[in-house]
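Data first, discussion second: the structure below is written as structure tokens.
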Amino acid sequence: MDSDAACKLFRTYLNEEKINLKCPERAELVFKDECLYCFHTSFSPGGLFVSLHTFAGVCVRHIKLLAEKTSSSLFLNIQQKFVELSEEPKDKKQSLGFDNEQQIKMEHSLRFYPPFTVPLPTTEGADAGIPKICDEIIAHVSAELQQRLKSGISEWDGEERMVSEAAEGLVQLLYDGPPISYSEWKCAQCGLKENLWLNLTDGAILCGRFSQTGTKSNGHARAHFCTTEYPLIVKLGTIENGDGDIYSYIEKAPVRDPWLGQHLAHFGLDIEKFHKTEKSALEKEMDANLKHEFSAIQEQGLDLVNVSGPGYTGLINLGSSCYINSALQVLLIVPDFVSAFTEEVLLRKQPLEIDGDFVAQLAKIFVAMKSGDYSGEDHKHGPVKDKGIRPMSFHRIVDRQPEFSTAKQQDVEAFVRFLFEKVDACSDFLSARNPVDAFRFCLITRTMDEGSNSALYSVRTENILSVAIPMDLCKESDTVVNGVRRKSVTLEQCLAPIFKEESIDDFSVWINKKCKGKQQQLMGSLPDFLLLRLQRFAFDEIRGMHKLDVDVHISDELDINAFFLTEEWHQNEQNWPFGNTTSLITNTRVCPELNHDIVNKLLLMGYTENAAKKAAFFTKNESSELAKNWILQHMDDTHLNDPHPMLTKQSTFPPTSSQGIDTCQEVRHGHGHYRLRAFISHIGSSPLSGHYVAHVKANNGQWHIFNDKKVAESQHPPKTLGYLYLFQRAA
């Protein structure tokens, strides 16, 4: 069909159909960043198609799906491409002052579905207001940027604007100066007409401070505060939708002012009449930081060969998001995750639900990573500098959780646990069985009374095995760093203390005397995938929270069958008599009362939750100082960070094997012979700073490094420096 025929068909449609279209409101989301169903952008072949009915955006592969789900017929097609300046007139090139640069060329056309392959001029359909709607969509802030600005958080510095203490009850002086306009301002001291701030106490309009962006300023607003101590100012030109750039001098930070409309009304100003005339500080910061590529650490000094294709897609760092990237790369090799998060999950969702839906976004990422469509230097679905996937929507969903709400580095183990919890909660919506079951296992605590030869068992379910590094077993290695030999230990030496039998003195049992007892932790089930976390971080009063400089030697194969609870453990032992053990069972199941203030103070010092609870319990909740000293006295205890049986709600049961195993629901069973498949390393001195890198072993035995968007063959995977290790049950 040619353009004339398409225009005729389009006009017939407008005449025969009653269409009710409107321009997008300011607060409405216009999805023109990327396709809702994949990571194609306006740079991809065919560009993006934004529905004039719903403002949902899709690529050429998904326009039919969107049209059928939403009954959309009219689309604005947005296509972008890079053009070399050599293609532009010479005088234009010279005016920019530098060579070898690119600029973006953008094209817009109206598309009618079906057919959608013939571009129509956006001037078509003037009677229905279509040209204005197209112009509004083009000018509208994209959905992604709009939601980031609304949150008030920049992913690059992790700072969220808090409500100002100075704003509530702010004293405002009687204003008898000239009427303040909504657009024409100048500094009362120097006459500057940019970077101007309104003091919300007395109405003074003064210039701000000099910034690294080169904005002109003489700092008169701050000088005014030093003289008057009037604390709160708002930047003129940034006020819109009830908010703007607000700074508090007494809090020394950007803040929120929920009463901004009321404060402006004091000076005869209507907040609804303000329109933003310049970018806010957050927008300027985002513009600057998007140009900055996170400096990733690779295997230094080695000529690594880049790889691309299905399963080898990089993930772009969005500002300290390497903990997310590395975890997703490791989970991609787990068949359960790939089969659970498929395109079918996406297709079941309504288009406008996808952007904020955890399951849909995780499926979108896994499908894209597995496809290979976005890997390699020459892929055509975005600018060359943006090879890989930019998982902005998923990142924003994670940001909603308090523990991940800043852009400061996060603990990758905490993120994996969070992800597992979310998947557990959403498992009914997946394409296959719950993939977390592949990691789930039971830990059983066996308590043996030597006097009666009877045993009690308690069980808890885990999906990550936390492994302490026994410093007393470490030896000096051949590796020398700054003249000091690094300490080393084997993984087997780290695992042994977890499952070591311990003696219990003065053990009170159902017989009326005290005797000795034994306690041992064992594996009640063996998962398909075993995820180990090495406790590489410790705390002491001199160095605070710091990383243990220890090489942990990891073999490619791991056998933990010796730690599994089998029938042999029950030989010659007596059943624990339920009729006489009510008090013991109750003590095992009900947590003693703990002073949460003490526990929270210890958590802020950097101690683990289990260590903090133990310290409060054993010092009888007397004080945080005593509790801290208790921890310092037990730093060499390999079980310091393990849960205490008295402080966790657990199931208790007699020692019959079937009854014990059955209490662990949704776990899988098999042998305990594993092979190392992946690990995540942390570079830095603290879990809340630094950088994470993933190494993954392919089925052919080749190791690959996933360093955010960089994917390459690994020559010397640093297995001794890992933080999280993934083992797969051997076939």
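Here the Cβ of each residue, glycine as well, is placed from N, Cα and C on the backbone.
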Out of HIS220, HIS224, TrEMBL lists as part of the Zn(2+) site with CYS187, CYS190, CYS207 the residue HIS220
Could you pull the average pLDDT for the domain 'USP' (313-730)? 80
Within 10 angstroms of the C-beta of CYS187 (Zn(2+) binding site), the count of other C-beta atoms across all shown chains comes to 22
Looking only at the domain 'UBP-type' (162-271), how are its residues distributed among DSSP helix, strand and coil? 16 helix, 22 strand, 72 coil
Within the same chain, the residues at least 6 apart in sequence whose Cβ is under 8 angstroms from that of HIS220 (Zn(2+) binding site) are CYS187, ALA188, GLN189, CYS190, LEU206, CYS207
Using other CB atoms within 10 angstroms as the count, which residue among the recorded positions CYS190, CYS207, CYS322 scores least? CYS190
List the Cα distance (Å, whole number) between HIS691 (active site, proton acceptor) and CYS322 (active site, nucleophile). 6
